[in-house]
Each structure stands twice: as structure tokens, then as C-alpha cells.
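Data block below; observations after.
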Amino acid sequence: MAINNVASAAAVPPLNTYRVVRRAYFNRLFAPIYFSAVAALFYHHIHTLLRHLSSGPSAAAVVPTLLLILADFIFALIWLTNQSFRYRPLIRREFVENVEKVSPPADFPAMDVFICTADPFKEPPIATANAALSVLAYDYPPEKLSVYVSDDGGSQLTIFAFMEAAKFAAHWLPFCRRNGVLDRHPEMFFGSCRADDPETQKIKAMYESMKTRAERVVEIGKVPQEYITEEFQREAFSKWTPDSTKHDHPTILQVLMQNNDKDTSGAPLPNLIYLAREKKKGVPHQFKAGAQNALLRVSAMITNSPLILMMDSDYISTDPITVRRILCYFLDPAIRPTLAYVQFPQIYMGLNKQDLYGNECKKWMHAGPHGGDGLDGPSCVGTGVFFARRCFYGSPRELSPIDVPEMNPDRVIEKPLTSQPPMDLINKVGGCHFEAQSKCQWGQKIGFRYGSLIEDYLTSFQMHMDGWKTVWCNPERPAFKGETPCTLVSLLVQIKRWGLGFLEVLYSKYCPLFVGIKNLGFLMGGAYSNWALWPLSSVPFTIYAFLPALALLHGVSIFPKVQKLIHSLLYRVMSID
């Protein structure tokens, strides 16, 4: 099988390649055969329905047939749209070793990391801090790396954990570089290695102290005065008013670490910035999508990096060269102009071999994205995804109007971050009334899109309709790992959220069955339709779960006898002569 090299020129070393999966051709041959069987099934259903209607319709005969037609129609529609993923699945490969041959590290693009959290009691701050530490330790120039933590709960417990993490980072980052650590998530590293040498024992003791203090403040529900020992901490905590709550608080921004700071080896540290956007009772805050849009605007005032990594608070980075890997696409001149994002799979920790609840989501996280990659690219799954900042501001051909010039995604900020960023602008763009007063249609034409509980799916759908392309990157070593629902109740809550989100899009003006197929074509529109149709599969499952048993109890025949089918087939074949 030929491998397509996507290098821009013969003189430039290749950054990535791809190949079409062999079984794609067998899928294309099998699809017409399966379609013929589906057509025969519907011929039987319609023939049976007409026979019942012509012989004096009765509810006992007509209703089961109509229910079977409904169930099989939904199954057929889901199967038909699912063929989009099987038409041209791709396998990609990156040549990370060639990145520095194309661009020296000093010319690497800057990157902002967005980590969102909302409730310190549901999402422990120490876990969120560990996620931040795993990306702060990336094998990437620290002066080009900024990590933003969005705390939608506006909690002192969360910012305290990150104050502790900032102190620990000055020791942790050089330790990882010196020892070539791959798992740069402290909890994972210390849980899987033996601390035999003095240096590792010292670092582990520091981490355990940080962890104990962060967990202690959550346990008692406040930050004790004896834990506030530095002036910058007192200044940060003074930004909370006595009336501040998780649903009502002002914009709070605190620079916890910046490039001017040095680690214990004398190397510069990345930026670490805490943000709690303004929230007021009665003012819609648009949940996670609203928090991400606030991060987009605030980060534009401070760093405005051209690349953005989105991460959930329960996800960790497990490969320090991940940023260099995505540069294999963002530095490729053949791909870069229309590349919106590079999506990595969601790999879950703690799954047993049986995976009783199907949390691995093989169709969504493996088969589907590889198939979408052969079209215009996979949809976004909300975490472990690297965006080009430009893709949030219109199509590749045209930049959407922006009413705040500092938010222009092409603006380059040369000066380093200071501990006193432009708070007047930050308070403006981070305020809860900014979007309503803006003429840029935030959440409609710019930023993450509103209108669905699954903002990542809707946002990527509209990006593809704007002309952007996307890439699925699935290296041998997982780039990210995350937590998965460990109880049936939490799993059902997650499935309910996904289902409602897909239905919101399916029944909206952005219905992929119509708008998607019209603008993206049958294959790409069908791929997005397949996701949106997934909740409707509950209808045929319910029908087939109960209808056969009820029909059997009441002596109603709903399936044809095999002998009759054979006789009918032979009769039609002989009638042809």
C-alpha cells in the first residue's frame, strides 16, 4: 500500500505521513450487500403492512408492524450514516525528530493551556494541580508556555492548591529534565517508582507536603491563616469579598508563576495564571463554553499564543513531547492554513479487562475518529485537543469582526508577562456582561458555540462548515489519560448529558442531517449526523426489548416463518422465467 508523504517539498524533511487502512476497500464492497439486505427487510415490512391494511386493519396486527418499521428505520439511518467512518479511515505517523530541522526551538509558536474546573469538592484541587504540573513540565521552551486555570467556582481552595503547586514546580520541572522522566504527573510518577535515591526522596517529601496541605483546606472548607505566609498570598485572597459565592463573584486574576521566575536550576519557569471570571445571579454564564470563551478573551490580553491546548481537570499529560508532536502538523505548510485543531484520543485510567460499563468508548474514541480523519477530520471531544487560536475567529479565508483590537488572534505580544497585567481590559472582557454588549456574536460566530450541553461537538461542527480541517493523532504512547465514571450513577449522568446535548443539536437549526449534509457533503455530514442520531438508538432497543415478548404472550406473529420466506423466494425466482 502506498504511503502518502505530506512534506511540503523534497528539501524539507517530512513531518508526517498517512496511509489508508486496507480494510476500507472491503467495507466499501460490503456496504452495498448490506444495503440490499436492509432494502429487502423494508420490502417485507411494507408488504406486511399493506397486507394487514387490505384484510381489515386491526391494532394487534398493524401496531407491531409500525413499531418494527420505526425501529428498523432508525437502525438503518444510523447504519447508513455510520458508513462515513468506514469509507476512508487513516493511520497517521509523525516524525518528531524532524521538528527542530524545520524550525529551531527559539522559533516554536507559543502555546496557552486552558484547564477548566468548577467545584473543589467534586473536582479535587490537588488533582487539577497535578494536571497543570504535567503540562508545565512539557519538553518545550518554558518562555513559550502559559497555563491558565479557569475556576468557575471562584474558590479560595482551588487557588491555594495552585499556589502550592507553583512552589513545587520550581523543583519538579528541573527534576524531570535531569532524570528524563516520562510520566511527569507527580501522583503517577511517585505511585509507580521507588524513591531510592536522596533526590527522589526529597522531591517526594515536598510533593506529599503540598498534597497534604491542599487536601487539608478542602477538608475543613477554608484556608487557615497559618497557611497564608507570604504577602502575595494575602494580596490574592483579599480579592474575595465577604459576599463572594460560587454563583456571584467578581473577576479574579492572579499570576502565580511567570517567565521572569527561575526554577532551582536557574532556568525560566512557564507562566501559571489563575482566573475566576465574573459571575452574577440572573446573568447566563453558559457553563463550560462560557468559561472557555472567557479564557480566550483574557489570555488574548496577556499572551495571545497562536496555539491553545484544552484540558479537563481530571486529565493528565503522559508524554512530554506531545507539543512537539502536534508541531508536525502545525508547522507543515501543506496543512497549516486550514488546520483548526489536532485531537488526541481519550484514554482512561483504572479500567478493568471487562470494562463493565463500556467506558472505553471504542467506537467514539478509536474507530470513528480514524474514519473522520480520512474526510475533513474528526470532531472535537473537548479535552486533549490543540487548537489554532485563529480558528475561533471565523473561516480560514475571512477573519470575523472583532470589537476589541487586543483580541485579534494575529496580534503578537513580544514583551514578557508581568505580575500586573492590564486589569482594566481583563475586567472588561472577563465580565459577565461583555458578551451581551459585544457586537461580535460570542458563542454564535466567535469562540466556543452555545446552544448545546456538548459545546465541543457543536463548535467543531461549525468549524468544519466554515472550511476548517482537523487531524486525529493517536501515537503509540498515549498523550493524555483521564478519569472515567466509576459508578453506574455517575455513568448515567454522563450519558444523559451526552444524549441531551446531541438531541439539542439534532433538533436545532444546525441539524447535521440537513445543514451538515448540505454544506459538508454526504460523507462528512453523515459522520456528524451519526453522532447526533446516537440517542435515538434507545427507541429501537426498547422496541426490540419488549415487542417480541409481548407478541409471543398474546399469540401475535411479528416475524416471518423461515419456510415461508424460502417458498416466497423460490416462487419469485421461478416467476422470472
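Glycine residues also receive a Cβ, built from the backbone N, Cα and C atoms like all the rest.
Ranges compared are 130-149, 330-349, 510-529, and TrEMBL records transmembrane segment for 510-529. The C-beta environment of K288 (Mn(2+) binding site), restricted to residues of the same chain at least 6 apart in sequence and closer than 8 Å, consists of C116, A118, D152, E455.
The CA atom of D456 (active site) is located 12 Å away from the CA atom of D312 (Mn(2+) binding site). Under DSSP, D456 (active site) is assigned to a helix (H, G or I) in the three-state scheme.
Binding-site extent for UDP-alpha-D-glucose: residues K122, E123, D152, maximum pairwise Cα distance 13 Å (rounded to the nearest whole number). When the alpha carbons of K122 (UDP-alpha-D-glucose binding site) and D312 (Mn(2+) binding site) are compared, the span between them is 13 angstrom. If you measure from the Cα atom of E123 (UDP-alpha-D-glucose binding site) to that of D312 (Mn(2+) binding site), you get 10 Å. Packing against the transmembrane segment (541-559) from elsewhere in the chain are residues 60-61, 64-65, 67-68, 70-71: each is 6 or more residues past its ends and has a CB under 8 Å from a CB in it.
What surrounds the UDP-alpha-D-glucose site, by Cβ distance within 8 Å of the Cβ centroid and not counting K122, E123, D152, is the set T117, A118, D119, P120, F121, G153, S313 from the same chain.
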